[in-house]
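Contents: one structure, followed by commentary.
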Amino acid sequence: MGDPVTSITIVGGGTAGWLAACFLRTKCAPKIKITLIESPNVPTVGVGEATVPHMPVTLREMGIDDQEFMRRCNASFKMGVMFNDWNVDRKGRFIRYMNPFASPPRIEGVEAGHYFQAYGAGNRDYIRSFSPLMDLFESWKCPFSLNKQGEDPMPRAGYAYHLDAVKFAGLLAERGRDHGIEHILDDVDDVELDERGFVAALILRETGRHPVQLVLDCTGFRGLVIQKALGEPFDSYADYLGNDRAMALQVPHPDPEKIRAATQSTALGAGWSWAVPLFNRIGTGYVFSSAHRTDDEAAEEFLAHLGDMAPPGAEPRVIPMRVGRSRRAWVKNCIALGLSGGFIEPLESTAIHMIDMGLRWLLQYFPSQDYEDATRDAYNRVSDGMFNEVRDFICLHYRLNNRTDDPYWMDSRTQLKISDRLEHLLDLWRHQLPTPLDVPSAHLFTYNVFTAVLLGKQVYDNGYGEGQLNRSFALPEKPWKAFLRQSAARNRAVLDHKADHRRVLLALRGELRAGMRANTRLGEVDESGAAESALF
Ligand SMILES: Cc1cc2nc3c(=O)[nH]c(=O)nc-3n(C[C@H](O)[C@H](O)[C@H](O)COP(=O)(O)OP(=O)(O)OC[C@H]3O[C@@H](n4cnc5c(N)ncnc54)[C@H](O)[C@@H]3O)c2cc1C
């Protein structure tokens with residue numbers, strides 16, 4: 001083994017930089033010094049407000065108190081993503097479906113999706129056939145209960161957070177400083193390389209030369225160390241994903257008493273609009289293709305979509321997006337995390353999770369100062385795998401859209417590339433629903449999630465494959481009917497038992513009227529991100 005790494009220098013003070021600092025401080029021995037250098041002049045991107053279900057686990061591991069987090073970051077709960085208008089049904093009407101944090105059951109050993117495709121579920125869509133999350137969403141409820149007697153019909157539910165990105169970075173920064181992170185507010189103006197091409201030191205505008213061992217490049221879309229200094233190529237995903245710009249706006253809740261417990265993604269003319277409901281406001285925006293809309297056209301379309309929700313005179317902030325990734329995430333003694341490592345459009349809110357995973361892989365493949373090739377290559381392989389997985393899953397949404405009302409949607413279906421892997425899977429899934437064998441190394445998007453998209457978009461009823469799935473054809477109807485009766489009863493019981501989302505948030509923030517217990521922690525979270533869902 002070479003000399004041990006005893007110092008980690010993080011460049012960048014956005015979500016990536018501060019998450020890295022806090023997470024590594026929690027996981028590394030105090031003898032490892034952690035320094036974070038942040039420019040006082042370059043702002044953070046300031047968006048990125050929806051997460052995936054691993055987030056509660058990560059916060060817990062960093063010792064961040066749920067209630068403090070909920071209050072300080074104006075956080076709310078997320079049960080999944082609602083997709084509006086991405087596809088049309090046989091009559092040309094827009095379809096709405098949910099991609100929930102819930103797994104379908106097996107009925108007599110067979111996934112519910114096969115039965116659903118064979119026999120339908122009356123007037124319930126696929127997700128409602130087994131899960132109450134759509135009903136909770138529509139009733140402004142969340143997967144937690146308040147002061148409820150009796151057995152909880154859904155004691156465990158996966159959930160993630162919506163959070164205020166700026167406040168979250170602030171909370172992490174405060175915590176990092178309190179826990180001994182050295183924080184330098186200065187600009188990195190230059191990077192000094194040694195004779196092997198490794199980063200030897202950073203040249204800071206005010207403080208001068210800062211020698212380094214392991215460097216984490218968290219400088220956002222600039223990729224200051226990994227691309228600019230080390231020259232690692234940036235592989236664009238422009239051939240795969242057409243959206244290259246976003247505009248963001250914060251709007252008040254139309255009715256402050258009502259807060260949705262899911263992110264919404266609504267397809268517009270040349271992209272899609274996100275709506276992330278926090279406790280105190282909604283973060284919204286439009287991700288679009290500059291080949292199909294100018295900024296002015298997109299702003300007009302976006303504001304028309306918001307209607308009365310947009311404050312008078314609102315001017316959305318335009319954010320150019322560099323979509324793609326650094327060819328390798330780890331080069332020499334530098335690892336790129338966050339936007340410097342790569343970015344795939346935020347349709348599935350995966351970016352913060354990818355930072356989280358990058359940190360966990362770093363701990364698995366922790367280097368010595370020899371920066372062994374095998375260790376670095378192993379890290380880069382898992383990082384590649386995750387980028388490919390996320391890219392393919394996002395591509396699926398565009399390839400399987402069936403809108404014909406704007407050239408953007410037709411181009412998305414016919415002009416954008418998909419990987420060979422996705423091409424093969426889509427060929428296979430014409431005949432059958434996804435199985436665990438099809439996506440064996442999935443980090444995030446398991447076969448169940450692919451199934452939710454295929455059935456949510458109603459692709460089998462609209463010309464994909466031959467309509468009839470081989471496996472579904474052979475299934476008996478009786479067990480499915482029995483299951484549907486049980487699940488309808490359970491959905492009703494869950495809806496009755498679970499509480500209004502806003503009231504739960506008020507309780508967690510300690511802002512409900514006296515007499516109600518408001519200082520109870522969220523239930524224990526297990527490794528899969530599912531939580532006990534009875535709060536009180
Ligand atoms: C439109 C949009 C929507 C998104 N939505 C989501 C979402 O819902 N969920 C999700 O998980 N992610 C989302 N993301 C991604 C998310 O915003 C980012 O992954 C996250 O904010 C991390 O950003 P970052 O820290 O890498 O970069 P930034 O926030 O850009 O921070 C870069 C840091 O580097 C510093 N810096 C730059 N140059 C220098 C220098 N020379 N010297 C010193 N410091 C320097 C800056 O000062 C800053 O502190 C979204 C992104 C976009 C664009």
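Note that Cβ sites are derived from N, Cα and C of the backbone, with glycine treated the same way.
Record check: TrEMBL places Gly13, Gly14, Thr15, Ala16, Val188, Leu339 at the FAD site, and the matching candidate among Ile32, Ile352 is Ile352. Under DSSP, Gly13 (FAD binding site) is assigned to coil, being neither helix nor strand in the three-state scheme. According to its DSSP assignment, Glu348 (L-tryptophan binding site) is helical. In the structure as shown, the Cβ atom of Val188 (FAD binding site) sits within 10 Å of 25 other Cβ atoms. Note: the Cα of Leu339 (FAD binding site) and the Cα of Glu348 (L-tryptophan binding site) are spaced 15 Å from each other. Summarising the FAD site geometry, the residues cited as binding it (Gly13, Gly14, Thr15, Ala16, Val188, Leu339, Ile352) extend over a maximum Cα to Cα distance of 24 Å.
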